[in-house]
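Colleague: I'd like to ask you about the structure that follows.
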There are 2 protein chains.
Amino acid sequence: MSISFWNMPKPFVNKHVSVFNFAHIFFVCLTELTVTNKTRTRAVSLSNGSVDVLDLLQGWGSGVGTYDDFNTIDWVREKSKDRDRHREISRKRRQSITALLLSVSDAFSGWLLMLLIGLMSGALAGGIDIAAHWLTDLKEGVCLNGFWFNHEHCCWNSKETTFQERHRCPQWKSWAELTVGVTEGASAYVVNYLMYVIWALLFSFLAVFLVRAFAPYACGSGIPEIKTILSGFIIRGYLGKWTLVIKTITLVLAVASGLSLGKEGPLVHVACCCGNIFCHLFTKYRKNEAKRREVLSAASAVGVSVAFGAPIGGVLFSLEEVSYYFPLKTLWRSFFAALVAAFTLRSINPFGNSRLVLFYVEFHTPWHLLELFPFVLLGIFGGLWGALFIRANIAWCRRRKATRLGRYPVLEVAVVSLATAVLAFPNDYTRMSGSELISELFNDCSLLDSSKLCDYGPLAKGGEPAGNLSEGTVGQAERPAGPGVYTAVWQLAMALLFKMAITVVTFGMKVPSGLFIPSMAVGAVAGRLLGIGMEQLAYYHHDWDMFHGWCSPGAHCITPGLYAMLGAAACLGGVTRMTVSLVVIMFELTGGLEYIVPLMAAVMTSKWVADALGREGIYEAHIRLNGYPFLEPKEEFVHKTLATDVMRPRRSDPPLSVVTQDGMTVEELEGLISDTSYSGFPVVVSPESHRLVGFVLRRDLVISIDNARRCQEGIVGVSRVIFTEHTPVEAQGAPPPLNLRAILDLSPLAITDHTPMEITVDIFRKLGLRQCLVTQNGRLLGIITKKDILKHMAQMANRDPDSILFN
Amino acid sequence: MSISFWNMPKPFVNKHVSVFNFAHIFFVCLTELTVTNKTRTRAVSLSNGSVDVLDLLQGWGSGVGTYDDFNTIDWVREKSKDRDRHREISRKRRQSITALLLSVSDAFSGWLLMLLIGLMSGALAGGIDIAAHWLTDLKEGVCLNGFWFNHEHCCWNSKETTFQERHRCPQWKSWAELTVGVTEGASAYVVNYLMYVIWALLFSFLAVFLVRAFAPYACGSGIPEIKTILSGFIIRGYLGKWTLVIKTITLVLAVASGLSLGKEGPLVHVACCCGNIFCHLFTKYRKNEAKRREVLSAASAVGVSVAFGAPIGGVLFSLEEVSYYFPLKTLWRSFFAALVAAFTLRSINPFGNSRLVLFYVEFHTPWHLLELFPFVLLGIFGGLWGALFIRANIAWCRRRKATRLGRYPVLEVAVVSLATAVLAFPNDYTRMSGSELISELFNDCSLLDSSKLCDYGPLAKGGEPAGNLSEGTVGQAERPAGPGVYTAVWQLAMALLFKMAITVVTFGMKVPSGLFIPSMAVGAVAGRLLGIGMEQLAYYHHDWDMFHGWCSPGAHCITPGLYAMLGAAACLGGVTRMTVSLVVIMFELTGGLEYIVPLMAAVMTSKWVADALGREGIYEAHIRLNGYPFLEPKEEFVHKTLATDVMRPRRSDPPLSVVTQDGMTVEELEGLISDTSYSGFPVVVSPESHRLVGFVLRRDLVISIDNARRCQEGIVGVSRVIFTEHTPVEAQGAPPPLNLRAILDLSPLAITDHTPMEITVDIFRKLGLRQCLVTQNGRLLGIITKKDILKHMAQMANRDPDSILFN
């Protein structure tokens, strides 16, 4: 027995092989008879290795050159395949007008795909916004004009003038009004409370039920999995149509249920599903895993673009946070798709304000350099919260996996949702949805604002400590906090604690759940609190040194809304470790270069603080939790190990299983295949010399031998299998040999045993390798797979190397 | 004799070796005695290949591990060196507080560097703006309050109210007023004309003289060279302090001389010089070519940031257009540096409007979907102009190189500058500087505007074809063009032709010259003309079908300034082939998402049209013209050749020069070195087996043998040179062997001969290789260098393979 260096989940290995039915076999044999010869001659005449040939083999429909589920793709091979396809089209272009048109349509198919993804994602995002808004309002009451109107639309044509009164238009009935007929008092409160909790439970139950029943992949934010998929992993069905449908519906339900979650991460998943589904329309993208990943990178940009109305931020998010392979062509295309999506969303106009962005803010007061101090404080808070949240959430998720908790996901969601609803209703700031809360906190108080947060006392009453107020203009001046503000501060403080606790248990449940909005909400509350504190400090103590020179009495110098925005950015930065993309998203939200410096200060501090407490962002932590084979491009490998320390077989292991280029029979090969579970075998000149010739994949070998045994005449167990260029003449009476050079990869990458692991890791990352052979003085010594590298990295970081589950 | 597959410019080879003086030798020998043993033990005990050891060797001061001028760096080695350094610091960190502080300061040195670059570049850009503005005005007249005031500052305190009159304040005297005492009439015109031409000649002569005398590298835009440097090429002095000083001064002169050039490209060069100079302050960046290139990438973002006041656009420009290796860390740092620079520039406030951006525009009219048609037309124009310009300019530069023209650069500049001045003065739109022109063309006419371009006829005169004008509001309505507009149109048309012709001969002269402003000027003129045309069409023919429904009579529906902006973007896109970064720069200039769709339409069309006529942008074309070894990351290699077709030696060539690991004497090695000119030699087990052990660089070999001969006892010509791990025991009487394992690269990358070239090119690009060995069935067969690849690519594209001049 030899060691299992390239282990593959057994159940998947033979699935594709076993689906061969009779008709299929017949077809395969027919085509093979005509194709094999052509293939072989081409392979020989062009001496072009296996790459081109693999492509031809694919024509057999035999599955050569495709991948099993939960396996890693070979980027080099995929890109070669695409170049072959492209060459073929370019070659034909000069032959006929049809081919020319085909070539042109091929060139533009990428753009068409982007257009489709943008339109579809924009439309879906708009639909989700509208539906979530309606369902959220349904928890409070119903519209008499038609139950499908949300509160705002219901009161659209109301004649009341002020916003406050218009909000209470007669067409809109709260549940208490409808059932017990009163709008105020204890009974009305109890009825409304009850209805709120019941609706919340219903929505969340429906969401988790749909996820469990129809599309288990639709849960969570999806970003960790998308990162892994983009790095080259295969998870079949993760971006399928069922996932799309169920995720879209359950996202609406989950958001409406009032759970502490957002729709931003899931929107990225939805956009990627759209991307993946549209890929099936074009052969170029359907058949090539590498090309499809380019499209998915663009789709994730689209997701953020529609989530925030920030197309540039979306592209940078995809570049910085999600993508693995992001060529410049993709940059340009993602930008196009992100714009299309943003404009589609705007024309649907779900926020009803014809703004492209989710939280439109406009601040009028410039900030002062001294304010950088509280801004940095917010950054520190954000960093601490981010690091703490990640630890707590991961610990909770581990517990869910390890204990009985994980066996009752529906119950878990119901309990959390009940707790959320019961605790959230009494507090205005937790009762409203996350995005409404953020919107309100970002808002700068104008004089007409009726919100509690803007309930400031009258200007310059007698006896107030403020002295000379003649310079201050009305509405611009700093004012003392009124009773409303004090209530709001209390409620916000409670909301902060509540949100911090509930988000930890919410993220990771079996419902679609994004982290952006809850993280931002936590930060926005903290920021607003600090902002109000600073404002009142400036009002009551403007004679302090720190306010001297820039905050004269009666002037308006502190903008609490700005503090909220910075707090939100800092917390989001702490949790996700986004940097440039976060600043650009926030910049697109506020639309001014003015606040970029405070933003950078807050986000940078937050990242540094959070990194000091733990290197991983929430997405990387979840990737590791799930054991996906993800080679983090940002993490530097800093250890001094060599390739020889990582490669298999180890010193104590049995020798490497190899195939010789002309010394093995079909039977021997079949024995090797059944004795081992490796995904591939190196081919050497002879077992003695161990000089490397090429590499052959198990999957290809199994399929080819199978085909040959069924279709090629004279192939028996003792037939020699050869991988050389020229088929040697066999002795008289011996069965004809089976030449499998067509499936041999003649250009496997090999490194020497002295190659430092830092360089090896770099090579794996940059070239997107699946495995790499190790040689010493020209002799084959061993093999390193991506999984070996991940295990080694885990070991070096004192983590459990067995946490990496897949190939 | 063997072939010259890795040719190196001879003059440089021994320069560094020959500078050893006696004191140096003494020092080297002293340290070597103590270091060599340590080195060797470490090398053996850690078995870590050559990388770590090379770093130690550097301590000798012997130049091992550095590069010659006009050579390509080895990214893998540089990055390994940096990781070693980093590991060393991390290891020491736990030992003392000083080391901990050092480690922290090391971590923050990158940020400090960015801050310094941002501050310095911002300050320089501000200074250049102010000085160029002053000198430009000096061509027209002088300020009596002090000659150092420019026109605007001179009239700052003037009491005239309208802008027009304030511009003619009594303190500002034109040259005619000063010398002949009249302001109007033929004689005044002649005197002003003469003075204009004389100043222009003087400035341009000074510029070219300074460049020729002090810093030949200061000419041109610098972007092609910076691209090449960032890809790993070494051009000593290109980013040095002399280049910085001279480029800054001559840039001011060149811009002031009125030549058709801009300051944007050169500002990138200036910022990169700042970056390179500040790198010398930090060991981390001074000693590591790869780390330094990360800084330079950020610096080029800074350059664009200060050129346009567009920090995000600058970062994307660096990412899309200039950089080769752009890790995420650099993205974040460039963003920081770009912001610092932009804010430094703003606090200097050279444009006097406290705007961050060069051309601030604010449009009030939304665009209509039907307008996309003229926008696409502008894109086509931009693409055609871009492709045409590149061809004409390259043809002209080739001619300059090939003929006697190239020998008289000063004369050339003088003639072009004379022609420019003589032709430019009579036309208002060519007399003003490029950025003024663009500013004026982008501007939307308000009612108070006194420019000729805004001289529209009165509203709704009797007899005008416009019908019912009651709906139009004054100042918002479409109006007929007045005589001023007609004059302007004529002058603009002349200016367009003039700019198009003169820019072709100007770009590439021996003065600092950017292309952004001239390209944008051409586009802006064309766009404005089209815009005025559309506007008048809409005015006179608003009953046409195409205007139906969106352009009612008397409404203001066409914004000529927007057309100018789109034209500018299209032309710049056609010339440089920038995409996302261009759109983002323009978006930052205009500050609204409103116009992103027209911008994308124009830029995309322009890129497609230009690409159809020629794949290369102007920078790539100039890189190729100069024969720099630049492996274009955007260009796909589409041919079906194999590594064996490209590697040296060819079939007809003598065999590969190799070193055996233990079979050669010092004399033999010296013979090999003097007989060949290769930059390095593969080390094999034995000449028969040709099994690869490692790779040794010529430079390291020369230095080591030299050192050993001088310092190590008993090393004579017949001493054996060995590269094995354990030094074998020599026979009695034989001289002691010289073990050079320390300089052996034990992890050279090797590919098989069957590797398709597309994959090989990819590997070279992604890993930043300098050379790669080729094996067949485990035996060493040949070598491929970056130059071989570039030559092969040139050959495949039917270009002259000998155009690649450097290694």
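Keep in mind that glycine also has a Cβ here, set from the backbone N, Cα and C atoms.
Below, the features straight out of TrEMBL:
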TRANSMEM  B:97-119  transmembrane segment
TRANSMEM  B:193-218  transmembrane segment
TRANSMEM  B:239-261  transmembrane segment
TRANSMEM  B:267-283  transmembrane segment
TRANSMEM  B:295-319  transmembrane segment
TRANSMEM  B:372-396  transmembrane segment
TRANSMEM  B:408-425  transmembrane segment
TRANSMEM  B:488-509  transmembrane segment
TRANSMEM  B:521-542  transmembrane segment
TRANSMEM  B:562-587  transmembrane segment
DOMAIN    B:647-713  domain 'CBS'
DOMAIN    B:743-801  domain 'CBS'
Colleague: Short question: which residues 6 or more past the ends of the transmembrane segment (B:521-542) have a Cβ under 8 Å from it?
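Modeller: Long-range Cβ neighbours of the transmembrane segment (B:521-542): 260, 371, 374, 377-378, 381-382, 385, 429, 434, 437-438, 441-442, 453, 465-466, 478-481, 485, 489, 492-493, 495-496, 499-500, 503, 551-553, 557-572.
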Colleague: When you look at the transmembrane segment (B:97-119) alongside the transmembrane segment (B:295-319), do they share 3+ Cβ pairs under 8 Å, ignoring any pair fewer than 6 residues apart in sequence?
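Modeller: The answer is yes, given that the two segments have at least 3 Cβ pairs within the 8 Å cut-off.
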Colleague: What parts of the chain pack near the transmembrane segment (B:562-587), using Cβ distances under 8 Å and only residues at least 6 beyond its ends?
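Modeller: Distal contacts: 304, 308, 310, 312-314, 316-317, 319-321, 361, 363, 365, 367, 374-375, 378-379, 381-387, 389-390, 438, 441-442, 444, 515-516, 519-528, 530-531, 534, 593, 595-596, 598-600, 602-607, 609-611, 616-619.
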Colleague: Given a Cβ distance threshold of under 8 angstroms, which distant residues of the chain, six or more beyond its ends, lie next to the transmembrane segment (B:408-425)?
Modeller: 192-193, 196-197, 200-201, 203-205, 207-209, 212, 257-260, 400, 431, 498, 502, 505-506, 509-511
Colleague: Any residues 6+ beyond the ends of the transmembrane segment (B:97-119) with a Cβ under 8 Å from its own?
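Modeller: Distal contacts: 89-90, 271, 274-275, 278-279, 281-282, 284-285, 295, 298-299, 302, 329, 333-334, 336-341, 344.
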Colleague: Restricting attention to the domain 'CBS' (B:743-801), give the mean pLDDT.
Modeller: 88
Colleague: Which residues, given as numbers and ranges, are at least 6 beyond the ends of the transmembrane segment (B:239-261) yet have a Cβ under 8 Å from it?
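Modeller: 124, 127-128, 131-132, 135-136, 138-139, 196, 199-204, 206-208, 210-211, 214-215, 217-218, 222, 229, 267, 269-270, 272-277, 296, 416-417, 420-421, 424, 431, 433-434, 499, 502-503, 506-507, 511-515, 517-518, 521.
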Colleague: DSSP on the domain 'CBS' (B:647-713): how many residues come out helix, how many strand, how many coil?
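Modeller: Helix, strand and coil residues of the domain 'CBS' (B:647-713) number 24 helix, 17 strand, 26 coil.
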Colleague: May I have the DSSP-based helix, strand and coil counts for the residues of the domain 'CBS' (B:743-801)?
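Modeller: Final tally across the stretch: 24 helix, 18 strand, 17 coil.
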